[in-house]
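Annotated features in TrEMBL:
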- 10-55: domain 'Myb-like DNA-binding' (DOMAIN)
- 53-111: region 'Disordered' (REGION)
- 57-66: compositional bias 'Basic and acidic residues' (COMPBIAS)
- 92-111: compositional bias 'Basic and acidic residues' (COMPBIAS)
């Protein structure tokens, strides 16, 4: 009888994998597949791969959250200085004739 690989809990699957570990820490997926009623060892190996991926994603999410919270903490600068007043908008200066141009005009006018 072939059972669906999703019908067995992750805990049960891991327990069977641990039971069938060789001396060099390699899992005998043929025996795991037989114990759990999977169609082949490839199904059991894929299940292990997916489980590792899921666990790694959870670990990465936790690390990302920890990084975000630590980077969001900002130290407040403590000084005795009062905050500076905000500046208003600067107005454009209208083009005016230069001081020398005014003197030249006066000289031409005869003043």
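Heads up, the Cβ atoms here are built off N, Cα and C, so glycines get one too.
Confidence in the domain 'Myb-like DNA-binding' (10-55), given as mean pLDDT, stands at 88.
When DSSP labels each residue, the compositional bias 'Basic and acidic residues' (57-66) comes out as 10 helix, 0 strand, 0 coil, counted as helix, strand and coil in that order.
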